Amino acid sequence: MTTTIERSPAPVTSAGPSGPPPARTFRVARHSLALARRSLIKTLRTPEQLLDVTLQPVMFVVIFVYLLGGAISGSQTVYLEYLLPAIMVQSVMFASVATGFSLNTDVKKGVFDRFRSLPIARSAPLIGSVLGDLARFVVSIAVLLGFGYAIGFRIGTNPLTALAGCLLVIFFASAITWIFVLLGVIMREPGAVQGTAFLVLFPLTFGTNMMVPTDTLPGWLQAWVKINPVSDVMDAARALITGGPVGDTVTKSILWSIGIIVVFAPLAVRFYRRRV
Amino acid sequence: MSLAFQAEGLVKRFGKTTALAGIDLAAEQGSVLGVLGPNGAGKTTAVRILATLLRPDSGRATVGGHDVVKDAGAVRRLIGLTGQYASVDEDLTGTQNLVLIGELLDLRRRDAKVRAAELLDWFDLTEAANRPAKTYSGGMRRRLDLAASLVGRPAVIYLDEPTTGLDPAKREDMWGVVRSLVGDGSTVLLTTQYLDEADALADEISVIDHGKVIAHGTPAQLKQIAGGQTILVRPTDPARLAEVSGILAAVAQREPESPGRGVLTVPIDDDRAFPTVVRRIEEAGIGVMELSLRLPSLDEVFFTLTGKPATAEVAA
């Protein structure tokens, strides 16, 4: 600590760290991106954190296709085609829990105190976390498609439509992420975030037509599966990736995603602002 | 006179615990305010309110004239905060930590990198710049944390117990940093449980205990509260100790003590006693290695103010 640096005199009335502040929205976007890069660096530095988005869905595919596939649809290849797009939806939803979990850990540590003492929008750290973790969804989908291809899964539409299907799944997962971001800023312990998240996720992901068509289910369960938006997203993913009637599933998926974001993102920011 | 920050009657309760029971703090621009108190006195709560991280239950606080509650955004543009635990991101390298803060402060990425390099160099972290912060020692983390709070060249810097847990050499380094910040015109709020630290760095000290300011003044004024100064003499020739003892006894009207070999001390009440002692020792032709007028330590001040030693409170 021998060298000194050039420091301009700092009068208390100084306007801030740089010149005129750019437009507000632009600043929020830029700060969010800087914070998203932080999340991304953290993910890359600890790749073992990606186990839940890579190995876990692959295991699900193996279990369902080879253990149950034959019994359920008589052919493992046919069943794989039915199951894989739905497993994609399930795996990114499970992956989104980690965002709330790590956010909760961050808030408890001092790092977020620093962010909160900076002249940035309160929403920026939350948006940054959600954006940064999009990478986890991409990895998960890539691994599933790669593994699926190795065991005989083929895209039934065309690459562009399939890509649109993947993007739809990612968009829906980023909406779901806001639910766990909200849990992350409300809950006291990271463990509580995870516990509550799974309570939410099991009925949402398994209570769908993921494994078997809806009409094979008992009536009360059919009622739930039909109102569960995750069923729509799974159907939309199947239609766009393996082919089949799209119907209104894509529209419904997009509307649900927007609806979830509109409700949960402002709530999360509000609770984050109030959190001491 | 212009105040860099001012807090008036701050009250903060957490459930049934009253952390702040109506506290006033203020510092002039370019000065260091030392907030001295034992653990649990409310130091951190006061800093968090001034840093816009907490809202007071009552009372108000301004930084650079901006209200910390109503105009928190303007306050955040002026402040830098270093907590008692280093709030750096452990997975990020030193450079990445500082560049991130720079970008959040609207520096262009290139400028943020330049600023990061500058600060890393200043804090002797250049060699560790590209290692994740989790590989840093405690002292390095603390330095990185302080560097992070300086990225935006804040006008007001809060240092919440910046040297707690640092070894003595690192403490001296940190003190040097604080002095150079003030030399550059920043205002510093320094909380500490170390009385010598407040003494060494602060222009004015607010002593707080149980959420209240129990004394405020310059270090010298606070020491006067505890009363009495002490003269210390160490003659070059130990054989002349008896003569020195005679002079001290005659001036101070009480028997000197010998706290160490070859050293004599005597408490005095009169400001003129010290020059008299100096003159008489000179007249007697006695050479001295050490001759000083010592104010009471802040430990003694704290004891006088609270009726209990600060260290006992810290252990509680």
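Glycine too: its Cβ is placed from the backbone N, Cα and C atoms.
Feature annotation from TrEMBL assigns region 'Disordered' to A:1-22.
Here TrEMBL flags A:48-275 as domain 'ABC transmembrane type-2'.
Residues or ranges marked as transmembrane segment by TrEMBL: A:50-70 (among others).
Residues 39, 42, 49, 52-53, 56-57, 60-61, 64-65, 69, 73, 126, 129-130, 133, 136-137, 140-141, 144-145, 148, 153, 165-166, 169-170, 172-174, 176-177, 179-185, 190, 193-194, 197-198, 201, 204-205, 208-211, 230, 233-234, 237-238, 241-242 of the same chain, all 6+ positions outside the transmembrane segment (A:82-103), place their C-beta atoms under 8 angstroms from a C-beta of that stretch. The transmembrane segment feature in TrEMBL is assigned to A:82-103 (among others).
Sequence annotations record features per position, and here TrEMBL assigns transmembrane segment to A:124-150 (among others).
Listed by sequence, the residues of this chain that lie at least six past the ends of the transmembrane segment (A:162-185) yet keep a Cβ under 8 A from its Cβ atoms are 85, 88-89, 92-93, 95-97, 99-104, 107, 126, 129-130, 133-134, 137-138, 141, 145, 155, 193, 196-197, 200, 233, 236-237, 239-241, 250, 253-254, 256-258, 260-261, 264-265, 267-268, 271-272, 275. Sequence annotations record features per position, and here TrEMBL assigns transmembrane segment to A:162-185 (among others).
Positions annotated as transmembrane segment by TrEMBL: A:192-212 (among others). Using a Cβ-Cβ cut-off under 8 Å and counting only residues 6 or more beyond its ends in the same chain, the transmembrane segment (A:192-212) has close neighbours at 64, 68, 72, 83, 86-87, 89-90, 93-94, 97, 100-101, 104, 179-180, 183-184, 221, 224-225, 228, 230-231, 234-235.
What TrEMBL records for A:254-272 (among others) is transmembrane segment.
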